[in-house]
């Protein structure tokens with residue numbers, strides 16, 4: 001199963017994103033395939049915060065458009081909801097220790113812990129996931 005990170009969702013959704021032309025076709029293939037994938041609610045919250053933010057995008061996505069994207073992706077039959085499970089804090093601590101994570105790396109460790117617990121590969125444009133030895137990481141084409 002794939003766990004999709006916010007930067008992949010932003011690149012797929014926003015036509016003005018520098019990686020849109022390469023990430024969107026990859027993302028469309030993911031949606032058309034039968035491979036299970038997940039987008040944790042934490043990632044969706046980040047997506048909504050960033051894509052509708054005037055400080056991030058000169059022309060932010062209208063909130064209705066952003067939610068329509070969220071709902072369309074979540075409606076895919078092979079999208080499986082995930083959330084932190086009973087081992088989350090133990091896994092989070094392990095990942096933080098192995099990568100000496102603090103500050104801005106903590107959210108990546110949180111996603112990594114969800115991925116490990118649910119046997120997912122993290123799909124992200126963020127190279128920081130390589131710092132977590134026990135997290136499988138896939139970088140879509142850019």
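Numbers run from 1 along the shown chain.
Placed from the backbone N, Cα and C atoms, the Cβ positions cover glycine too.
The Cβ of residue 108 (Mg(2+) binding site) lies under 8 Å from the Cβ of 101, 126, 128, 129, 131, 132, each of these being in the same chain and 6 or more residues away along the sequence. Annotation source Swiss-Prot lists Mg(2+) binding site at 5, 108.
When DSSP labels each residue, the domain 'PINc' (3-139) comes out as 76 helix, 11 strand, 50 coil, counted as helix, strand and coil in that order. The domain 'PINc' feature in Swiss-Prot is assigned to 3-139; the stated evidence is sequence analysis.
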- Cβ proximity for residue 5 (Mg(2+) binding site), under 8 A, sequence spacing 6+, ordered by residue number, returns 43, 111, 122, 123, 124, 125, 126, 129
